[in-house]
Amino acid sequence: MGLWAELCISLRGLSFFLVLMTGEGTRGGSFKESLGVCSKQTLLVPLRYNESYSQPVYKPYLTLCAGRRICSTYRTTYRVAWREVRREVPQTHVVCCQGWKKPHPGALTCDAICSKPCLNGGVCTGPDRCECAPGWGGKHCHVDVDECRASLTLCSHGCLNTLGSFLCSCPHPLVLGLDGRTCAGGPPESPTSASILSVAVREADSEEERALRWEVAELRGRLEKLEQWATQAGAWVRAVLPMPPEELRPEQVAELWGRGDRIESLSDQVLLLEERLGACACEDNSLGPSLRG
């Protein structure tokens, strides 16, 4: 076997020896317990490898000594030689608990197994257990947490929930502070701009109120017609019910239920619009034109 082949074999054996001595996944050869490790075994593994060393070589030669005599002596030189080394080295082997696995076969740690991945930055910290990032919840970190409904007040005024977070808002003329949560006074406005804004707001409120009143009136008219029909239908039902139920035609039953659903829906719409109208207030706390007198 040539010198180059012996060198390759020795380097492979030495690298394997160093891996076993340092320990896979550890530093300084020390083993650190981790979560999910059920058992640990340290075995002595026989290892055979080649190592290099300096071999002395003695070369004799003749020289001239004192008295003109010829003397025999030698000089020492060194060359790189190889020798086979056998020794037993400790090797640690771990067994993972149920619900845990090794990241690779030679690892000394175990990672948790989650049947479904942890979403939105979540981390699998135990068997089918996710540790979610702030703003997310649920078993797999797939549910957005509504911070605005939390018991802890996050915003001094308005709060808008977003995916994984929230935003704070401020009413006019306040502005959001540097902390992004509290409101502070904004820059002073000129009287002209303030008066223009006030007029625009009053005009917008007036137009919205007229539109709401027209919509309420229209819905009330439709509701009155349906109530009249319901009265007539009630009399028809009372006249029909004494007959056996199997004699009722399916289209009559379907029409009766459909009209009833429309009446209920219109009643809800009218109630909602009346509540919105009741929330309107004049600037000087006076009654509107329709409520005076």
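Backbone N, Cα and C atoms are what each Cβ position is placed from, and that goes for glycine too.
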Of 56-85, 86-115, 146-175, 206-235, the range Swiss-Prot tags as coiled coil is 206-235
According to Swiss-Prot, the cysteine among C124, C132 that forms a disulfide bond with C141 is C132
For the disulfide-bonded residues listed here (C71, C96, C159, C168, C170), which one has the lowest count of neighbouring CB atoms within 10 Å of its own CB?
C71
For the coiled coil (206-235), report the average pLDDT of the model, please.
70
With a Cβ cut-off under 8 Å, give me the same-chain residues at least six positions beyond the ends of the domain 'EGF-like 1' (111-142) that come close to it.
35-36, 98-103, 163-166
